[in-house]
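Take a look at the structure below.
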Amino acid sequence: MEQEGIVDWGDSVNKGPEVEMRPSCGESDRRGREFLSLAESDFASTFRLLTVFAYGTYADYLAEARNLPPLTEAQKNKLRHLSVVTLAAKVKCIPYAVLLEALALRNVRQLEDLVIEAVYADVLRGSLDQRNQRLEVDYSIGRDIQRQDLSAIARTLQEWCVGCEVVLSGIEEQVSRANQHKEQQLGLKQQIESEVANLKKTIKVTTAAAAAATSQDPEQHLAELREPAPGSNQRQPSKKASKGKGLRGSAKIWSKSN
């Protein structure tokens, strides 16, 4: 088993080695045992390097570099890309200082070039905030999980299910309140319509009784009630007219006496 055959996975970070993924359950268990047995074989260092690429970061490789096979520059950059993915799974805004330390890079130019390469390789999507010196991640690929991570994943999913049930309960409560409010408003509307109908009937009966008492047609009686009292607006003009006549007559008398 050669080193290049294990860690050189092609052009894309998210592509693994060509492995048949449809074995039976027994065959899968056998292959798993054979794979884990590599940790105690002559290929232990290569096996450990493979696990670093699967689960670890570039800092993990540097910590064990003496016991691991050397990497080419392409392999180093690939492991750096995976390290950025690991950081992005924890926080979406990663400061440049954290990235420089985690990836063992010397300057910001190298860091930005590495991030741009990762974006073009579809490892992650985001933007470089040069003013605030940070990487803002919108999306990143997933990494392999270890057996010890399964309990944490199950716990997270259980908490998510509980949260969904709480949200669903809240929505049902809001729907129930909305339906109660709707029923109350419909009842109030019916009550108002009933009172208006009763008032109309009362007014009609009262008008008919008054018209019958005066031997008039109900419609004519209502029209008379709406009209103003006769002569109420005609007296004032007559007074003004008589006053004007009186003034003109007195003027004539005054002119004759002169």
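First residue shown is number 1, and so on along the chain.
A Cβ is built for glycine as well, from the same backbone N, Cα and C atoms used for every other residue.
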Correct range for coiled coil (source TrEMBL, candidates 154-181, 182-209): 182-209
Mean of pLDDT values spanning the coiled coil (182-209): 89
